[in-house]
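Just below is one structure, and these are the notes that go with it.
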Amino acid sequence: MAALSKSIPHNCYEIGHTWHPSCRVSFLQITWGALEESLRIYAPLYLIAAVLRKRKLEYYLYKLLPEILQSASFLTANGALYITFFCILRKILGKFYSWTPGFGAALPASYVAILIERKSRRGLLTIYMANLATETLFRMGVARGTITTLRNGEVLLFCITAAMYMFFFRCKDGLKGFTFSALRFIVGKEEIPTHSYSPETAYAKVEQKREKHKGTPRAMSIIALVRTLVDSVCKHGPRHRCCKHYEDNCISYCIKGFIRMFSVGYLIQCCLRIPSAFRHLFTEPSRLLSLFYNKENFQLGAFLGSFVSIYKGTSCFLRWIRNLDDELHAIVAGFLAGVSMMFYKSTTISMYLASKLVETMYFKGIEAGKVPYFPQADTIIYSISTAICFHAAVMEVQNLRPSYWKFLLRLTKGRFALMNRKALDVFGTGASREFHNFIPRLDPRYTVVTPELPIDFS
């Protein structure tokens, strides 16, 4: 870590807004670029979300535009206020210290910006930025040799997280809202202890299906025969009395779970690749084949499918071994199911789910009266996390997640890469390492230190 007392005499033009010597002009340029990009991000995002949630006409008329503008204002303020505090700190302190170009300027900017955003979105933004900041700090520690990497560490973290999530899922009132609904969709409602699916209702549903198929024409008889054959195979097999999958034996229950979630994962990855595939439809038509026969499609499918099948298989196995259904089974089953991430390794997914788990446990502690409640916790955590990420973007971009760095470049129209990081190398973080010794051309009339590449006025 660079010494906090070390400083350089350069002004804000020489280090920050090297494209223009005026702080006001630079502020306006950053603000306009950030606003333009923010509207491009949030307008389609909110519109798609409104369509998927089947919002009524009143929402589109009175709420959609204000919400888009509010979120766009938040993101714009985050970028514009950063350059503002960057210049203010330099004028107040008279020089740059190791912490001022990044963390010092970003902390107050992020705090003010998050107050503009709607309260309902602050929690999600906080989780995302806390996750990103944790990953950034980890990379910084590895780069400095203070932290040693663990092979398949993201898989181990996911195993622990999955074990805890599945335990809460099995417990009464353990999870609520979207998290509970998502896990119920993934592993099925048969794994919920309070599930009211009785053998009688299962039998009644099967009888209804049979009645329905009786009136089908002859053309459908082959399909009906295949269905009947599959149903008979699924039903006639080992199933423990504690298992609630009444229409399947334990083996077919696991196989069906794998096939279902494999299909979901495969289709999700295909949908994510559709925009890039159609962009090259006329120039490279062969890319359409890669939409369906891509390695990542099968990897995500294998990850989700094996997670469900391992979880269900382990749960059934433990019910057979212990002759009872227990919430503690979910810890073992969830941990073993987490090994499925070997098919689709992702530090981002592991860190995000772990962050959400910490948030869930924190609020459970508040409900139990064992953990104090901090009213401004989300605002403070967001501010500190964003400041850490901005500091990395300025002082050591090699330790920042590449996708977030690209986002910052989009938000500032590429101006974030124009900082004079060569002058920041004195702090020992390798600030210019990824910029191929880039040195900005500066007007010597507005500099404190003689520039290496002065603008030639001749």
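Just so you know, glycine gets a Cβ as well, placed from its N, Cα and C.
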Swiss-Prot feature transmembrane segment, matched against 25-45, 46-66, 298-318, maps to 298-318
Top stretch by Cβ pairs under 8 Å to the transmembrane segment (149-169) (candidates 96-116, 331-351, 377-397) is 331-351
Of the listed stretches 96-116, 298-318, 377-397, the one with the highest count of C-beta pairs below 8 angstroms to the transmembrane segment (331-351) is 298-318
